[in-house]
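Student: Following this message is one structure expressed as structure tokens.
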Amino acid sequence: MTATKQHKKVILVGDGAVGSSYAFALVTQNIAQELGIIDIFKEKTQGDAEDLSHALAFTSPKKIYAADYADCHDADLVVLTAGAPQKPGETRLDLVEKNLRINKEVVTQIVASGFKGIFLVAANPVDILTYSTWKFSGFPKERVIGSGTSLDSARFRQALAAKIGVDARSVHAYIMGEHGDSEFAVWSHANVAGVGLYDWLQANRDVDEQGLVDLFISVRDAAYSIINKKGATFYGIAVALARITKAILDDENAVLPLSVFQEGQYEGVEDCYIGQPAIVGAYGIVRPVNIPLNDAELQKMQASANQLKTIIDEAFSKEEFASAAKN
């Protein structure tokens, strides 16, 4: 994709709850001029495309249709939400093997179409499936991106904002590491309108230290809470994906928390995709933003990466995945 291209095309692979919510977000936020939707349930996809097109008189012109893999050849962005859903009591990492098989099949067909754009991965476990998308595609690491901790960071900012009584957009704070149980809050660099969070709390007494611990736990475990109540999470991640999509298609050079390839940005963290802030634009990841972590945070980053690496190494020791790797 070039930054000057006017007609922006997105292909969505996976028309489940996350995918259809993402498609709706693209329509209502006037993002892209063309949206093709791929799913094994073609009739459902056709119905969604028709339903979404009925909103266009209220938004902006857009071509929306049920697509095939051949339609990926000239897409600027392919968004992968296809995968087995996370069930109550199941961790994101429990999904690994079945979703790796789906990922391999999907990515192979997309690359065969002649696709030269950017992959944006949202299926879980997202850090591992972003890595496998990079391996199976043979693409440069900058053009394979995962949604990473974008939603986790949004949940964190919203929870802090609600606790201290400000707009979430005035809270600047990140969750880093795995999108999952080993993620961690970067407390050392959290701030409210430029005021360090700890300085803010000292001056305003909005919450004590135990309150912060409880707040992080609620953020980390938010998906489990939602899944237990309604079966799946999809609205929050859909809007996060729409935000990332806009940053790419509009060449924003926006700083967003994403699943980014690691090659020594942090000591002891290499050869995996994991959540950290990065600058993203029309050509994918421009560069990671390496927040200076304190010793405790760095240890958490290393532990999170080691957990992911153990699972990745085990998965790619199997012939069915190792033989398909191009990177």
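Note: Cβ is positioned from N, Cα and C throughout, glycine not excepted.
Computed from a predicted structure; not experimentally measured.
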Student: Which of these, S53, S137, S147, does Swiss-Prot say binds NAD(+) at the same site as V18, D39, K44, Y69, G83, A84, A122, A123, N124?
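Tutor: Checking S53, S137, S147 against Swiss-Prot: the NAD(+) site match is S147.
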Student: Y224 (phosphotyrosine): which of the recorded positions Q86, N124, D152, A154, H179 is the nearest Cα neighbour?
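Tutor: Spatially nearest to Y224 (phosphotyrosine) by Cα position is Q86.
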Student: For the binding-site residues listed here, K44, R157, which shows the highest count of neighbouring CB atoms within 10 A?
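Tutor: Most Cβ neighbours within 10 Å: R157.
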Student: Determine the Cβ neighbour count for N124 (NAD(+) binding site): the number of other Cβ atoms within 10 Å of its Cβ.
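Tutor: Neighbour count, Cβ to Cβ under the 10 Å cut-off: 29.
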Student: What number of additional C-beta atoms lies within 10 angstroms of the C-beta atom of H179 (active site, proton acceptor)?
Tutor: 31
Student: How many Å separate the Cα atoms of V126 (substrate binding site) and H179 (active site, proton acceptor)?
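Tutor: Pair distance, Cα basis, whole Å: 7 Å.
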Student: Considering only the binding-site residues V18, K44, G83, R157, which fall within 10 Å of T233 (substrate binding site) when distances are taken between Cα atoms?
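Tutor: Those close enough are V18.
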Student: How many neighbouring Cβ atoms, not counting its own, are there within 10 Å of the Cβ of D152 (substrate binding site)?
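Tutor: I get 28 for this one.
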